[in-house]
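Trainee: This is the structure I want to talk about, given as structure tokens.
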Amino acid sequence: MTSADHVESAIAERREIVNEAVSEQLPVQKPERLYSASRYLLDAGGKRLRPTILLLAAESLADVEPLSADYRQFPSLPGDEVDVLSAAVSIEVIQSFTLIHDDIMDDDDLRRGVPAVHREYDLETAILAGDTLYSKAFEYMLDTGAPAERSVEALDELATTCTEICEGQALDVDFENRSDVTTEEYLEMVEFKTAVLYAAAASIPAILLGSDDETVEALHGYGLDIGRAFQIQDDLLDLTAPSDELGKQRGSDLVENKRTVITLHARDQGIDVEGLVSDDPSDAEIEAAVQTLEDAGSIDFAREMALDLVTSGKERLDVLPENEARQLLEDIADFLVERSY
């Protein structure tokens with residue numbers, strides 16, 4: 001089995017566990033329309049990558065064989081038991097909350113191959129569903145059974161993460177009306193909008209299980225690094241992957257004039273990025289635009305940045321015991337920049 005296959009298997013195994021926990025902790029109850037809308041995207045699919053990272057970090061910290069311990073009664077370092085699965089559900093429902101509100105702001109029609117929540121239901125219900133998931137996430141983080149001090153610290157991390165996600169989204173909106181965005185500003189936006197939830201997923205188990213500050217900070221840094229690499233790989237795939245694999249038009253970021261590490265680098269090389277493609281480009285036009293970006297070194301620049309971030313993230317895992325769960329966390333970092341979807 002290749003490392004990619006190993007990662008896919010680890011994610012699939014934990015995805016099933018997390019999906020069952022979501023059904024258990026977020027039942028469709030009265031008012032049914034609200035809770036049906038809240039569950040809608042969670043039931044539509046998703047890799048469950050962030051909760052997988054949380055559960056693997058817990059397994060590595062506790063130095064137990066993967067899937068050998070009950071996630072609902074997980075051994076902490078001081079010797080008490082913590083429900084790390086509830087924390088994993090908390091992280092996943094935050095992810096779903098952000099997707100619902102993102103789709104509203106972008107007026108998108110589809111998400112995960114199904115109509116967006118505001119299309120399937122209505123705008124008011126979608127807003128309420130997102131708000132419900134946001135508040136439920138804090139309930140689930142409190143349900144871990146960790147001692148008060150560790151619970152409060154985990155809640156503080158979750159609250160800070162949610163604030164930063166909103167700040168990142170605000171920066172993204174602001175960038176749409178600016179032509180002078182720098183690469184540094186873009187990476188800050190990516191850190192807040194995308195990477196901080198990976199950082200929370202990696203560091204919260206260390207908080208709940210009673211790890212020292214050095215370990216918490218190292219795992220937080222791991223999450224930030226791989227989260228930024230994840231977004232850069234998404235930017236690369238938009239240009240390099242076929243449309244049928246992407247589930248959207250290849251080069252859509254160019255058509256929509258979105259700021260990415262690639263286009264910002266190209267702009268700095270003197271390329272008229274906004275003029276690379278028309279509003280309804282042909283495949284040949286997209287291919288020519290990608291070649292222009294290749295020739296400018298912009299695609300290689302982004303690839304190298306993503307790989308450097310992954311290397312940095314993996315080095316931060318030195319705080320963990322050498323075990324299979326840690327190796328899987330390293331393999332996930334590689335997977336994020338090697339994936340083709």
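Any Cβ shown, glycine's included, is placed from N, Cα and C.
Quick paste of what Swiss-Prot says about this protein:
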BINDING   Lys47, Arg50, Gln95, Arg112  isopentenyl diphosphate binding site
BINDING   Asp102, Asp106  Mg(2+) 2 binding site
BINDING   Asp102, Asp106  Mg(2+) 1 binding site
BINDING   Arg111, Lys193, Thr194, Gln231  all-trans-polyprenyl diphosphate binding site
Trainee: Taking the center of the Cβ atoms of Lys47, Arg50, Gln95, Arg112 at the recorded isopentenyl diphosphate site, which other residues in this chain have a Cβ no more than 8 Å from that point?
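Mentor: Checked against the 8 Å cutoff, the neighbours are Gly46, Arg48, Leu49, Glu92, Ser96, Leu99.
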Trainee: Using the residues the record lists for all-trans-polyprenyl diphosphate (Arg111, Lys193, Thr194, Gln231), what whole-number Å value is the largest Cα to Cα distance?
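Mentor: 18 Å is the greatest Cα spacing among the residues binding all-trans-polyprenyl diphosphate.
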Trainee: Can you tell me how far the Cα of Arg111 (all-trans-polyprenyl diphosphate binding site) sits from the Cα of Asp102 (Mg(2+) 2 binding site), in Å?
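Mentor: About 10 Å separate the Cα atoms of these two residues.
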Trainee: Around the C-beta of Lys47 (isopentenyl diphosphate binding site), how many further C-beta atoms are within 10 angstroms, looking at every protein chain?
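Mentor: A 10 Å sphere around the Cβ of Lys47 (isopentenyl diphosphate binding site) contains 14 other Cβ atoms.
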Trainee: With DSSP assignments reduced to helix, strand and coil, which class does Lys193 (all-trans-polyprenyl diphosphate binding site) get?
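Mentor: DSSP assigns Lys193 (all-trans-polyprenyl diphosphate binding site) to helix.
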Trainee: Nearest to Asp106 (Mg(2+) 2 binding site) by Cα, among Arg50, Lys193, Gln231 (binding-site residues)?
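Mentor: Given the candidates Arg50, Lys193, Gln231, the nearest one is Lys193.
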Trainee: What Cα-Cα separation, expressed in whole Å, is found between Arg50 (isopentenyl diphosphate binding site) and Asp102 (Mg(2+) 2 binding site)?
Mentor: 18
Trainee: Please report how many Å separate the Cα atom of Arg112 (isopentenyl diphosphate binding site) from that of Asp102 (Mg(2+) 2 binding site), as a whole number.
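Mentor: Between the alpha carbons of Arg112 (isopentenyl diphosphate binding site) and Asp102 (Mg(2+) 2 binding site) there are 13 Å.
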